[in-house]
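Following: one structure in structure tokens, then a few remarks.
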Amino acid sequence: MGSHESLGPYFLVFLLLLLLPPPLFRAGSLRYHGPDWRIFHRLALGSRRAHHHHGPGWRQHWRQGQAGHRCQGSFDLYFILDKSGSVNNNWIDLYMWVEETVARFQSPNIRMCFITYSTDGQTVLPLTSDKNRIKNGLDQLQKIVPDGHTFMQAGFRKAIQQIESFNSGNKVPSMIIAMTDGELVAHAFQDTLREAQKARKLGANVYTLGVADYNLDQITAIADSPGHVFAVENGFKALRSTIDALTSKVCLDVTSVEPSSECVGEPYHVVIHGNGFQNLKKRDEVICRFIFNESTIIDEKPTSIDNNSMNCPGPKLEKPGEEYSIEVSLNKGKTFFKSNVSITSTTCGIFRNWLYFVPLLLLVPLLLCCVWRLCRKQTVKEPPPVQKPEKEPEQEKPPSPPPPPPPPPPPLPPPPPAPVNTCPTVIICCCGCQGVGGMRRIEGNLDTFCDLSHASCHQVPWMCCQSRDQGRYLSLALAQSQYAQAPCCPRICFPHSQECLSLPQAPCSPRMCLRHSRECLALKQARCSPNICLRHSQHSRECLARKQAPCSPRICLRHSPEYFSQAQTLCNPKSCLQPSRECLPLTCSSRCRLPPARCLRPPSRMLPLLSPLLRHTAEPPLSLPPSEPNF
């Protein structure tokens, strides 16, 4: 369900985008000036012509091809046709060409005139825009029988008479199409050139059409320009191929104007689209005329011109609702062709076109919905403490006091009591092993301490370094007498140097660390009486007898923290010498085993003493005077 809800706003945006193009297209801002639709019609027309055959229905097939460009301009059209004897039986093809061309000009503002020439000129149809009279003129034209010479100048004289008679007051452009099928004689050609020039002075545009045995140079000289010349090489049957091109050039009309409305008081340009703009002779002779009424007429020069359009600056509009029509002149105002389009002034501003507001009105609820969804997500995700900074700007006068420090964490619970050790660890604090003398033989052994402490410990050998006083040894007689009935895990203190010897009952790994000498104590693996040798120098070798040792540890004494490995036993006492941080591991003969060796911790750390629970059961330490050891 969540995925469908998230796609909803995007689907609405897509629908709104589909609604945006119609106002833009109505405004004309996205107009596409591509190929005219007439091109496709001409293609269809050509295909129909390819299947045309003379017969009972040949006229019907001919007229079916009259669906080309329909000129809607306002001008006068003159046909000057050659009916000399050289035309002979081809007159019917010439007539059909005229009939189809006339059908392309359907505007009621177009007047037509049919003139024939041979030895003399003849006006078959005087200039008129009446459809019935034009139809009657075509019927008369069909009945003509060609004969005589080719004197084209006679036909131009008849056309000039019509121009002077019907176009004296109204400045309407005149289009003359002069057709010939042969070459003109010299004097006829010269006379024709003079008559054609007279017609141009009256504002006429001259086109020439040559068929069969024409002279291209002659018809080009008679026409206004090479672009006004049409030549047919394949005889009269091919005249129909010139209809589309001739109609588009001869026709003078305005098809559309952009824009259709303009803002009041703002400068703008008018783009005029139409046909026949290629008939201009000079660019500076083109005039765009804007007619508001009979008394208000504004002429402007175009800024750009091509064959189908021109761009002219539009007149200033002073009030809304004004309307004007457009006329175009290609011969410096001699004649103008009118258009059926007009431009209306409107009030400019944001409310110019209400269609633009339809998408905006639809977007407003969508935007509100999106904002509400975003705000809702933010309020859900934001934790309550985030709102504190919002209250800070309100308290501007007094600075807020710093928050109180957090309460200290609760004390950690005391560690669980250590397990009860069944065998003690002896910590002997001597005066230190430093000195030149090294260690000497110690009288007695530590069996006494094991016997005093607990009955389960038997014959535990003990060791101690020599005191700072050379040749002095500790005596265990007093300790043996006073600690005959002591429980296990006692603490024994020697007041000479305040060192203590503790015997915890736990299986441990014996470790020994001695400094300031490089003596090693080798313990051979034997069932009893191993020798412990401490090498202090090359001249002295002291040995310490160890009874009933089931294992063979090694003891190394060096100037830096030394380590030695010894068998791990359940009864693993440890001797620590406080002044020099030396430790001597002791083994219990009855419970010794052989685990892997370990290294002693740094010399600055002491072995742990008895646990707090066992300290209550331990007897107070026994003080031994320093002067009682035996020598």
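Note: Cβ is positioned from N, Cα and C throughout, glycine not excepted.
Annotation comment: Swiss-Prot describes 1-27 as signal peptide, evidence class sequence analysis. As annotated by Swiss-Prot, topological domain 'Extracellular' applies to 28-353. Under the heading domain 'VWFA', Swiss-Prot lists 76-246, citing sequence analysis as support. As annotated by Swiss-Prot, divalent metal cation binding site applies to SER84, SER86, THR150, with the evidence given as similarity to another entry. Look at Swiss-Prot and you will find 354-374 tagged as transmembrane segment, backed by sequence analysis. According to Swiss-Prot, the topological domain 'Cytoplasmic' annotation covers 375-631. Taken from Swiss-Prot, the feature region 'Disordered' covers 382-413. Residues annotated as compositional bias 'Basic and acidic residues' in Swiss-Prot: 388-397. The compositional bias 'Pro residues' annotation in Swiss-Prot covers 398-413.
Looking just at the domain 'VWFA' (76-246), the mean pLDDT is 91. Using a 10 Å Cβ-Cβ cutoff, THR150 (divalent metal cation binding site) registers 24 neighbours. Taking the Cβ of SER84 (divalent metal cation binding site) as reference, residues of its chain lying under 8 Å away and at least six apart in sequence are, in sequence order, TYR117, SER118, PRO146, ASP147, GLY148, HIS149, THR150, ASP181, GLY182. Report note: the divalent metal cation site is defined by SER84, SER86, THR150, and the residues of the same chain whose CB lies within 8 Å of the CB centroid of those residues, excluding them, are ASP82, LYS83, GLY85, VAL87, SER118, PRO146, GLY148, HIS149, THR180, ASP181, GLY182.
With a 10 A radius on its CB, SER86 (divalent metal cation binding site) counts 20 other CB atoms from all the protein chains.
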